[in-house]
């Protein structure tokens, strides 16, 4: 078994790079409506029947088997939680062992195993933390001074000197110190690349991506990382900076991370994406040949879509529910996690490295100090989202609120935290963000076509009617709308219309991206600042413990999009998928439109 090289380069930084379950979806043989033999296909606004077939029954059986496994696993898991004395028993004293709740439990560090980089464990990396039998329960400390995170592109010289001193001190700690840069980077590796089995469900690994755990896990990860840095320079007011990639002034990588003699530098970054190059929030592995203004327009429209029009509900913003015993398949990410979070990881990572290290792979992302500035802005998006009104509020499900993680704090003590400990950062965690302008808030995508010219033209040969299908070229399908009528304003507020792309199957150790367009011309697709662009599916390479392919879903809110396109009365929509990046086949299981409250 090959082992990935240890991150010895983390100690040096002077070298420079040369340059909940779904209902039925489309059956195997879809009841799609195709126009005859003309050169182009003009969308017919007729009703399309999508009836369940054996394929869907199989999907339901798989879901039922997973639920049965979870129910059986509960007894085993609760026996473990009750019976273990030492390490894990110490972490579960306040649990209600017979309650019918299934939050993800914190990992048992004694069961940690090498993290996977390639399918089936052919290549691994050691990411396990030091083990201790003493675990504290997190309690907010209101005596901590309030810390304000600055925008990285406008920090003062005084702040930068302090930040560099703290980062250098963290790098200088022994590798086996849980507060060291080496160990802090391993935190992300262990939780994201299959190092921790779920307690009571040892065949299922803990995965903090593609679900509602994404935001709270990374918030608490950054919290303890920041507290360690502050302790190392004896400054409790120190706060990490955020990379303001949601605004044109912050689109380039902040200059403070590009000095090759600085402890903030990482040598494994894409040499073609150094300042003053603007970040591409829709990047998937290949650079687009667009001018600077187009990049700005597209980035701002993407932010509006991911924060406003496409993220009206907690379900869309946070992602799929993830409970104890759930498999790491069939989930879907929230809007910001999927895009631009994933895109930025890939954009920064070094394509000349085997696994796109450092930022381009979850196992190595934490080795780059820029990772923490990136995630500080991701966290900032959570704060901002909750101020935008409507249903944009935190999840109230106790399986989310009581999900738990383990982190080492600034005193090298292991701490157990719950998601509910992270919901009010200023009050519970004593930090906030320096306010800056939000230009994306006023950059709503506009329709490419006028409302009286919305019929899309698609070559007949590009229409696909059988699913599952392999996505190897531009593919268009007609999908029925259950409510083919213009809904009232209240109805739109009460229920968001969703396009669901189900059972997206691919090799999870590779980067994947495809774009989604609605009612657009397949032979001449819109720019990403147009309403016809519905979004993207983006995957950052990550390890796994089996050779099975990764399977997930994508949910896109399309209420505003259909309104912009004048398609609210249409009985169906044309959905076009455009593969952008993948070194192995992508399989699409089916499509459906449904409504979510």
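Using N, Cα and C of the backbone, Cβ positions are placed for all residues, glycine too.
Taken from Swiss-Prot, the feature transit peptide applies to 1-49 (among others), supported by a curator's inference.
As annotated by Swiss-Prot, transit peptide applies to 50-101 (among others), with the evidence given as a curator's inference.
Per Swiss-Prot, the feature compositional bias 'Low complexity' maps to 54-63.
Per Swiss-Prot, Cu cation A binding site is recorded for 188, 209, 218. Long-range Cβ proximity for residue 209 (Cu cation A binding site), meaning a same-chain Cβ under 8 A and a gap of 6 or more residues, is found for 192, 333, 337, 362, 540, 542.
Annotation source Swiss-Prot lists Cu cation B binding site at 341, 345, 375. Around the Cβ of residue 341 (Cu cation B binding site), the same chain contributes 374, 378, each under 8 angstroms and 6 or more positions distant in sequence.
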Do any residues at least six apart in sequence from residue 188 (Cu cation A binding site), in the same chain, have a Cβ closer than 8 Å to its Cβ, and if so which, in order? 221, 362, 363, 365, 366, 371
In whole Å, how far does the CA atom of residue 375 (Cu cation B binding site) lie from that of residue 218 (Cu cation A binding site)? 7
341, 345, 375 excluded, remaining Cβ within 8 Å of their centroid (Cu cation B): 218, 337, 342, 344, 365, 371, 374, 378, 540
How many other Cβ atoms are found within 10 Å of the Cβ atom of residue 345 (Cu cation B binding site), counting all protein chains shown? 26
Between the Cα atoms of residue 345 (Cu cation B binding site) and residue 218 (Cu cation A binding site), what distance do you get, rounded to the nearest Å? 14
